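Look at TrEMBL and you will find 20-40, 47-66, 98-118, 130-154, 186-208, 235-261, 281-300, 307-333, 374-398 tagged as transmembrane segment.
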Amino acid sequence: MEFFMQLFPGIGTFFAVEPVIAVARIVLIVFGFVLACLGFKRTLEPLIMVPMGIGMMAVNCGMMFLTSGTVGNLLLDPLVSDASAIVDAMQVNFLQPIYNLTFSNGLIACLVFMGIGARSEISFLLAKPWSSMIIAIFAEMGTFAALAAGVLAFGLTPEQSAAMATIGGADGPMVLFSSLMMAPELFVPISIIAYLYLSLTYGGYPYIIKLMVPKKYRGIDMYVEVPEVSQKSKFLFIIITCTVLCLLLPVAAPLLLSFFIGMAVKEAKINKYTELLEEGLSYFGTFFLGLILGVLCEASTILNPTVIIILVIGILALAISAVGGLLGGWLMYLVHKAKREDFNPTIGIAGVSCVPTTAKLAQHAAQDENPFAVILPVAMGANISGVITSAIAAGIFVTTIGMV
């Protein structure tokens, strides 16, 4: 038996740990396989789910007996904090340098945000700016409801509750950045659960849309007139907005700068930079984000009792945010109806800032009822407003939550 465990240490470690850990590893291996397959089939977001699922399988299969006599792996150790231990780990674990140099300081989130900015079209926001902003504000309802629930119902600290509540913004990089700032001890489980849930919104949100928006309203077509705004005006709007928001919320400046610099280089027609951000850094960040989140799904991490609370708060935040966004959509429907204008309340779901997933969901819901309905431009405007609003909410949380 000893020879067998030395020959196949990955199998041998299952017998060297507590039964609950061994069972959890098996469950996570199967779960990782399912995620990777669902990503392959495009049921879930493949850019995140394929590397995440494979990473989850690899870390739970690739456990071995270390020289210290403990069970570990050669992929990543997120728990090392001593400076000398970090240096040692970076020379042994192959993903450790990327984790310590891009995750621990939020750089990976900023890289993804640059790509989101480079893909965003400011003209969509300017088509119906007030409607977009109001919907985005309503879509933050889940974030604030989850914050209150975490403190009052689960007895969490304001910092922990706020970090979990940011899942309601449905903005993965923002959740990652906020949890690092407010509850670094929960950064790993919050980030993992956030990205798992964000991939599941594509399957769950259509049911909320059908529940809250009757069939005849989902098919409302809209006449969308995108204003003719000069490149210069759009560029000035971007840099002025960035400056003002960074001045008001300096703690969120890294993410705000990343998002707006992406938009700025696009409007400035600096094609080489746009390609770098949109096709290079963005996909680099997304790939390693998915892979490292998968590798972080090691059994001992997932068995943290706080994970159950994060699961509950996360699903609560995302569900209420969807409801809030659709309520904002209904409000805008009534406002536009009073002015004898058409407005599809389904656009409200796009206020939840999972770019561009929720905007596409709104368009699909409308097109299912009316093949000629085109609401995507306005939905994208609400989507971009949602990104900005979630950044503002996160900045307010980080700035003020310590005063509570």
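Just so you know, glycine gets a Cβ as well, placed from its N, Cα and C.
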Residues from the same chain, set at least six apart from the ends of the transmembrane segment (47-66), whose C-beta lies under 8 A from its own: 5, 9-10, 12-13, 16, 25-26, 28-29, 31-40, 72-76, 172, 195, 198-199, 283, 286-299
Whether the transmembrane segment (186-208) meets the transmembrane segment (307-333): three or more C-beta pairs under 8 angstroms: yes
Interface present between the transmembrane segment (281-300) and the transmembrane segment (20-40) (three or more C-beta pairs under 8 A): yes
Selection from 98-118, 235-261, 281-300, 307-333, the stretch that has most Cβ pairs under 8 A to the transmembrane segment (130-154): 307-333
Same-chain residues at least 6 beyond the ends of the transmembrane segment (235-261) whose Cβ lies under 8 Å from its Cβ atoms: 106, 109-111, 113-114, 116-117, 120, 122, 126, 173-174, 177, 181, 267-268, 387-388, 391-392, 394-396, 398-399
Long-range environment of the transmembrane segment (98-118) - Cβ separation under 8 angstroms, sequence gap at least 6: 76, 78, 86, 89-90, 172-174, 176-177, 180-181, 254-255, 257-266, 274, 277-278, 281-286, 288-289, 292, 355, 387
